[in-house]
Amino acid sequence: MDRTGIFAGDDPFAIAAGWLAEAEPQEPNDPNAIALATVDAAGLPNVRMVLLKEIEAEAFVFYTNYGSQKAVEIETSGKAAFVLHWKSLRRQIRVRGLVEREEGVQADAYYASRSLKSRLGAWASEQSRPLASRTSLLAEVARVTARFGTNPPRPAFWGGFRIRPLEIEFWADGAFRLHDRFRWRRNSLSDGWSIERLNP
């Protein structure tokens, strides 16, 4: 298989991390933005942009409110998919897999690294629920600010999700739409990867 250059390597997570590092100085903003897809109880899909915060040895990690629609749908199905696309590189990565919570010291550390206003905002926002007005949201921010001051703890309802892929596809633009695509697949998390080139 002619998997060379930007596609070379035996570790898909290392390839993904390398592509992200290459995109960071070139992409206009949020090179780590992913379009995260979930499905509701009726099987109707939802998709939204979130920020990918970590690429681990065997997983991709993002953070959110556990009461949000995305979190509820993830915990109902145990699955999610996302695409990471860079116009500057003309490349993308597609991921499908199983999801688990990250709510330990790793989530604490990421929460602590956020700006104070973002940490307070996590307390103030009942994400995805109806909101009477922006004024009421700002009033809640003021209330939690008075309660916690400059050291709000991580809320129990806020933390990470770790996506453990069963499938990762690397795509790069080619002339005349003759794109290069390589798909890594495994049947379970304990299996090794099989790799195949796909038609554009």
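Glycine residues also receive a Cβ, built from the backbone N, Cα and C atoms like all the rest.
Values in this document were obtained by computation on a predicted structure and should not be read as measured data.
Lifted from Swiss-Prot, the feature list:
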- ARG48, MET49, VAL50, LEU51, LEU52, LYS53, TYR63, THR64, LYS70, GLN92, GLN127, SER128, TRP171, ARG181: FMN binding site (BINDING)
- LYS53, TYR110, ARG114, SER118, ARG177, LEU178, HIS179: substrate binding site (BINDING)
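All features noted in Swiss-Prot, drawn onto the structure.
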residue : record                 : DSSP (3 states)
ARG48   : FMN binding site       : strand
TYR63   : FMN binding site       : strand
LYS70   : FMN binding site       : helix
TYR110  : substrate binding site : helix
SER118  : substrate binding site : helix
GLN127  : FMN binding site       : coil
LEU178  : substrate binding site : coil
Can you tell which of the binding-site residues LYS53, ARG114, SER118, ARG177, HIS179 lies nearest to LYS70 (FMN binding site) in space, using Cα positions?
LYS53
Checking the spread of the FMN site as listed (ARG48, MET49, VAL50, LEU51, LEU52, LYS53, TYR63, THR64, LYS70, GLN92, GLN127, SER128, TRP171, ARG181): what is the longest Cα-Cα distance, in whole Å?
36
Cβ-Cβ neighbours of LYS70 (FMN binding site) (radius 10 Å):
22
When distances run from the Cα of TYR110 (substrate binding site) to each of the binding-site residues ARG48, LEU52, TYR63, GLN127, TRP171, the nearest one:
TYR63
State the three-class DSSP label for LYS53 (substrate binding site), counting H, G and I as helix, E and B as strand, and everything else as coil.
strand
Just the number: how many Å between the Cα atoms of ARG177 (substrate binding site) and ARG48 (FMN binding site)?
27
Over all pairs within LYS53, TYR110, ARG114, SER118, ARG177, LEU178, HIS179, the annotated substrate binders, what is the largest Cα to Cα distance, rounded to whole Å?
43
Entries of ARG114, SER118, LEU178, HIS179 which, being binding-site residues, have CA atoms within 10 angstroms of TRP171 (FMN binding site):
HIS179
Three-state secondary structure, TRP171 (FMN binding site) (per DSSP):
strand
How long is the line from the C-alpha of LYS53 (substrate binding site) to the C-alpha of TYR63 (FMN binding site), rounded to the nearest angstrom?
8
Would you pick out, from the binding-site residues VAL50, LEU52, LEU178, the residue whose Cβ has the largest number of other Cβ atoms within 10 Å?
LEU52
Can you tell me how far the Cα of ARG114 (substrate binding site) sits from the Cα of GLN127 (FMN binding site), in Å?
18
